[in-house]
Amino acid sequence: MKNLTHDTAPDAAKRREDETQSSVEPRGDEARSVPVLVAILGGVGLLALSLVFVIGGVELGVGTPRRLGTGAFPVLSGLTLAIICVGIILGDLRNGHLDEVPDWISFFAIGAALAIFAFVAERFGLVPAVFLATITASLPDRTLPWIGKAALGAGVSLASWGLFIGVLDLPFRAYMGF
Amino acid sequence: MEILSNFGDGLLVAMQPQNLLYCFVGVFLGTFIGVLPGIGSMAAISMILPLTFYLEPTTALVMIAGVYYGAEYGGSIASILMNIPGTPSSSITCIDGYPMAREGRAGIALFASAIASFGGGMIGMVVMAVLAPALAALALNFGPTEYFAVILLGLVAASAVSNGSPLKGVAMVVAGLMLGTVGVDLTTGTERFTLGIPELRDGVSLVIVAMGLFGVGELIVSIKANRHGAQQTKLDYKKFYPSWAEWRAMVKPILRGGGIGSIVGALPGTGQTVASAIAYAVEKRLSPNKSNFGKGAIEGVAVPESANNSATQTAFVPTLTLGVPGSASMALVIGALMIHGITPGPRLLVEHADLFWGLVASFLLGNIMLLILNIPMIGLWVRLLQIPYRFMYPTIIVLICIGVYSVNNNVFDIWLTLLFGWAGYLMRLYRFEPAPLLLGFVLGPMMEEQLRRAMLLSRGDPTVFLTRPISAALIAVTVLLLIYAFASALSARKRARAAMTVPS
């Protein structure tokens, strides 16, 4: 598979500008070359989304120019996005790269923390949900031992209980099913 | 005189105990979050948004504004001490702030930053008080055609000019417009793209989109960025106050930065980062001390801080008077107001004068609070920077979960936040800016409504946008902006290619 390459030597000022533009912090990793199929995935995903809105909008009915139908705006915006996506895909075919090495561990750990919170909060209450979500979210950090993760989870869950149920009186159940 | 009288009334509103309290909470939280590298004002506002639902509209707006400019203040602390911008706009402060810190003048740099932010904030407040009523009076003549053109200009300016790839920026705006169509169409009552899920009938919640894209998405990025740690500078408290010469050197840059920032901040799509960059470039050209810029010049700290804070205040001008946010943060402000049943626009100054002038007056009080928070309490913020990030981010994730859950007590919202959080991370990976998506999402329903009205009134004639003078002028500016953005991107790419070929 063809690999795409990218400029990996920005000077300090350019790097600062890039950080400013992307509104994220310095990454410490260089941009990485990726297979062409991976490079265009962003544009292709958006193109698929735009087509969903175009087809859905047509089904809803676009109306007339005088009385625009329910589907007119989704169709107009979907078509616009589809055209733009073709340009993006062509650009990425020539110069596509990922901005950084993906951090899949953090990606899935943070996702799992939210999922665990959603699953546990409804069935067992806020305190167990916070405890487990905190521990799960702290998994990407290997410098913190398990006992430290558990202590952090206990501290955050107790603080959440005190603040959100005790002080702010939000309608959460601290425990359920115990 | 009328402005002074209105400002006096606003001061009475802002000084009500509840407003004072939440103004303080806002600036404190804003500074707190601004100090933490990687968590910007967008994430900060997203996180407090659910809290504001329980407050009066004026109190909610005062608190959100406090978080917004508090984060700008706080952002400069990490810039100066660690060379890591706490917020994007404070990246310009790194250029001279960090060299000052390395020379052992960190205390002076932080003091200069606080004073300049205060000065800039005051200039921005005055400009807002003068400019907003004039713009609102002009906007009273706007019909749906003009509103559609203004929204289009705002969206294009925000997406194409301020970010990396104009094509990807515009794509994000359009994706946001599409996302805004999810839910029941208010005109016909038909469900659109809800997939049969009852929770989506009211559309996707702004809190979920903002928390997911900015809270969760930024956090995933920041875990890795902060894993490497950062070099910290020892703060020398003995050298905290600037010398007389340094005071004198700061005065003109603060005034110039505040002036430039207040004008640039009021333009849609520019924001504090552009304001800081322009002000810094102008000051570097005008200053008698230009050779020292980049090596620790106090003017180089004062001017961007003054500019970004004044831009922060004047960003409220188009947001409140036209209902067109110039940035994603301002889109959240609009969303918060709409949740309270208040529609931003030219009538806001008449129908909710207490809210508008209360907000303007709160800038004065909030900036004084920030001075108090920043100068005597600088040690607290420095210690905060020393707390390992591994303790911070799991706590922030839990706060996001609780914040989202508290809105409807429905875990479906958390699942949706998870999807948007992952989408936010992938968007950053593929260099798609999430901010324009949020702008499009907030403005989409308004844009669709104005388009429908304009087409109905013109009996289906699309040329109405080009035959009415104001809308024609606005669309011409939009087209010029697009041409400029694409031309700039092309020339930047050519320069980058040329730079790559020279060493090889």
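Yeah, the Cβs are placed from backbone N, Cα and C, and that goes for glycine too.
What TrEMBL records for B:20-45, B:51-71, B:108-132, B:138-160, B:167-184, B:204-223, B:320-343, B:355-375, B:470-490 is transmembrane segment. According to TrEMBL, the domain 'DUF112' annotation covers B:20-439.
Tertiary proximity for the transmembrane segment (B:204-223) is limited to same-chain residues at least six positions away from its ends with a CB under 8 Å from its CB atoms, namely 37-40, 42-43, 45-47, 49-50, 179, 182-183, 328, 332, 335, 339, 389, 393, 396-397, 400, 403-404, 407-408, 413, 416-425, 427-428, 434, 437-438, 441-442. Of the recorded ranges B:20-45, B:167-184, B:320-343, B:355-375, the transmembrane segment (B:470-490) has the largest number of C-beta contacts under 8 angstroms with B:167-184.
Remote same-chain partners of the transmembrane segment (B:51-71), defined as residues 6 or more beyond its termini with a Cβ less than 8 Å from a stretch Cβ, comprise 13-14, 18-19, 22-34, 40-41, 44-45, 86-87, 121, 309, 312-313, 316, 329, 332-333, 336-337, 339-342, 352, 354-355, 358-359, 362-363, 366-367, 369-370, 403, 407.
Counted over residue pairs 6 or more apart, the CB atoms of the transmembrane segment (B:108-132) and the transmembrane segment (B:355-375) come under 8 Å in at least three pairs, which marks the two as touching. At the 8 Å Cβ threshold, with sequence separation of at least 6, the transmembrane segment (B:138-160) comes into contact with the transmembrane segment (B:320-343) through 3 or more pairs.
Proximity of distant same-chain residues to the transmembrane segment (B:355-375), defined by a Cβ-Cβ separation under 8 Å and at least 6 residues beyond the stretch ends, is recorded for 6-7, 9-11, 13-15, 19-20, 23-24, 26-28, 31, 57-58, 61-62, 65-66, 69-70, 73, 77, 110-111, 113-115, 117-118, 121-122, 124-125, 128-129, 132, 309, 313, 316, 320, 342, 348-349, 381.
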